[in-house]
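**Student:** This is the structure I have questions about; it appears just below.
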Amino acid sequence: IKGSLPPHGAEQFDEATPQGRKQRSTFFNYFVFCLSFGALIAVTFVVWVEDNKGWQWGFGISTFAIFLSIPIFLSGSSFYRNKIPCGSPLTTISKVLIAALVNSGVSRNSTSAIVSMTSSPSPPIPTGKEGGEDSNRKGVESIHTPSTSLSFLNRAVSDTPACSALECSVQQVEEVKIVMKILPIFACTIMLNCCLAQLSTFSVQQAASMNTKVGSLKVPPASLPVFPVVFIMILAPVYDHFIIPFARRVTKTEMGISHLQRIGIGLFLSIVAMAIAALVEIKRKGVVTDSGLIDSAKPLPITFFWIAFQYLFLGSADLFVLAGLLEFCFSEAPVSMRSLATSLSWASLAIGYYLSSVIVSIVNRVTGISTNKPWLAGSNLNHYHLERFYWLMCILSALNFMHYLFWAKKYKYTSVKSSK
């Protein structure tokens, strides 16, 4: 659902007009808003039901919500613009890469291949419901030679390919180049998701050791993600209706804040978030020491609202990076590869969460060898050196941000409209 819905929704807008592109940007903002709204229900109402009525009721509510979404989605079928499937982009990417490798050992004049093709990676979406024939008729221009960037892929274009199955057009090579240029930007967002993994692990453990009462109400630790969720729901409309219009007036550009700038802001906020997380943990451990509860399971005399600060900054970072990356991948990727490109956002999430576990394991192994006491091991969080781990994540996030700046400065938008 998450891989298919963003490109499907974005394709409903006419990207040939400034108004259509602005509406598409708004769609991505409110797509993240809707994800957060669903998460808000999950971490409040559903968690309350599970804690008070049983887990079977929580699963039942989730199942009912999924079934309810199907007729709602189908009710708009008569209005949707549908892109006709034209094969898997993975097939094209694999073919170009294999052809380039096979042809690399043979001296060929690849620039003599003349192919008439669509020059723009993102031609306008037709106004009709079906995007097949119209897409092929619009924006067509002849390109005779591949571009000079990533020139090793140009070997895939040959008058005499090794076999007919590996025959590649200039268009296919250029489309694969675009995807290859997107990959470094995608890779730089993985570190943010490593930080986000802490929201559902160590941050929850921190809050569980603190006073979670709000008046007479005791907040379940599983409901703590309500902080970033609510903040995203507030920030998304503010960003779309106030920040972006103001940025457009200041910069006198259509976008106001470019996709890469938006991702960069999110990555910078993740550095701040991890620094705040380290400082909050230092304060929490100070309370542990002062109250003499280092080996006690009693709640500490400090409110869990201190944890909210790191949640808010990471939630803001997630909004900027996720919405920015979705729109960046959609607008930059070739039409035939948009679903694949936008799915990179969720691949980044999966890799980031997995990498977080790997980092924890490495930290425990290294610190266990050097001090005989791993930073993040044991049954009592008060004996952890969690603040050191958060400082480490802060440093890694800062290095990742500098790495991102390197690639962001080198990147050239494939569409002139995207760079305005």
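Any Cβ shown, glycine's included, is placed from N, Cα and C.
Checked TrEMBL, it gives:
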- 130-141: compositional bias 'Basic and acidic residues' (COMPBIAS)
- 114-143: region 'Disordered' (REGION)
- 27-49: transmembrane segment (TRANSMEM)
- 55-74: transmembrane segment (TRANSMEM)
- 182-202: transmembrane segment (TRANSMEM)
- 222-242: transmembrane segment (TRANSMEM)
- 263-282: transmembrane segment (TRANSMEM)
- 302-328: transmembrane segment (TRANSMEM)
- 340-363: transmembrane segment (TRANSMEM)
- 389-407: transmembrane segment (TRANSMEM)
**Student:** Residue list, the transmembrane segment (340-363) vs rest of chain: Cβ under 8 Å, 6 or more residues beyond ends.
**Tutor:** 2-3, 6-7, 89-90, 179, 182-183, 186, 189-194, 196-198, 201, 322, 325-326, 329-330, 332-333, 374-376, 389, 392-393, 396
**Student:** With Cβ-Cβ distances below 8 Å as the criterion, list the same-chain residues six or more beyond the ends of the transmembrane segment (302-328) that contact it, or say none.
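**Tutor:** Residues packing against the transmembrane segment (302-328) from afar: 6, 10, 24-25, 28-29, 31-32, 182, 185-186, 189, 192, 195-196, 198-199, 203, 206-207, 210-212, 219, 224-225, 227-229, 231-232, 235-236, 239, 259-260, 262-263, 265-267, 269-270, 272-274, 276-277, 280, 283-284, 287, 342, 344-345, 348.
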**Student:** May I ask which of the stretches 27-49, 55-74, 222-242, 263-282, 389-407 has the most CB pairs under 8 A with the transmembrane segment (182-202)?
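**Tutor:** When the Cβ pairs under 8 Å are tallied, 389-407 comes out ahead.
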**Student:** For the transmembrane segment (27-49), which partner among 55-74, 222-242, 389-407 gives the most CB pairs under 8 Å?
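**Tutor:** By Cβ pairs under 8 Å, 222-242 leads among 55-74, 222-242, 389-407.
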**Student:** Residue list, the transmembrane segment (222-242) vs rest of chain: Cβ under 8 Å, 6 or more residues beyond ends.
**Tutor:** 25-26, 29-30, 32-33, 36-37, 39-40, 43-44, 47-48, 199-200, 203-204, 207, 304, 307-308, 311-312, 314-316, 318-319, 323
